[in-house]
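Please read the structure below before turning to the comments.
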Amino acid sequence: MGLVVVGAGGRMGQTLIRTIQSIEGAKLVGAIERSGSPFLGKDAGEVTGIGTLGVAITDDPLPVFAKAHGVLDFTSPAASVEFAGLAAQARIVHVIGTTGCSAEDDEKIRAAARHATIVKSGNMSLGVNLLSVLVQKAAEALGPEDFDIEILEMHHRHKVDAPSGTALLLGEAAARGRDIALADNSVRVRDGYTGPRETGTIGFATLRGGSVIGDHSVILADTGERVVLSHHAEDRSIFARGAIKAALWAHGKKPGLYSMLDVLGLNT
């Protein structure tokens, strides 16, 4: 499967380029960067430090998309919306690991999925997506009359959105387990005199610092006991492997908007 990496010069872009080389059935056929990037015109393999691959980095995505089978995208919300539209024009797979998308962004991506096969997830790791299933089951079994749910996440100092896409993914899983809407029952910030905790809400706490790739814990707390479900990312390659797995799974599927739960057969 011929894959294009967008944001090829970034941390995740370089990780994707390296990881593609080790996965059977996947081949790098294009690399995209923004206009004005210092990487334009350079070989994607040389930028990544793995030697010449014969793929030059460009800022003109549509001709590259037209010759590919899929796109791997961990960029920004605005860029991902644009790439979704181009993937729709090219009728190819678009795997989106970008976080921080607004409701309006998601609507535009959903519209593009009429013609592109899009897999979008707040986290591409296989472990996190299994964790989301466990969180949903735990939230359903341990009801709000007894157990409070708090979600704690920590990332490196350079992350620009909060709570993380993974924290929100886990929050949505907990909300499904409780049969409630996360948007109406989440507490994102606590400061000053807040009063007692409101029963049934799902709390979020965000930490930023150092080089932490991603730590997430879902805490279900009752009087006298706590259940903690956690995931710790130790290498960005887990996200790259998951994204490539998603692209290979989506190749040949009909256009639509899918998630990693679909890829893993966990969508019940």
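Our numbering is plain: 1 for the first residue shown, then up by one each step along the chain.
Glycine too: its Cβ is placed from the backbone N, Cα and C atoms.
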> According to Swiss-Prot, G7, A8, G9, G10, R11, M12, G97, T98, T99, S121, G122, N123, M124 bind NAD(+); which one of E33, E140, E145, E150 is listed for that same site?
Replying inline: E33
> Once near-sequence residues are set aside, which residues in the chain of H156 ((S)-2,3,4,5-tetrahydrodipicolinate binding site), 6 or more away, have Cβ atoms under 8 Å from its Cβ?
Replying inline: R208, G209, G210, S211, V212, I213
> According to DSSP, which of helix, strand or coil covers H155 (active site, proton donor/acceptor)?
Replying inline: strand
> Given the recorded positions R34, H155, G165, T166, which lie close to N123 (NAD(+) binding site), meaning Cα to Cα within 10 A?
Replying inline: G165, T166
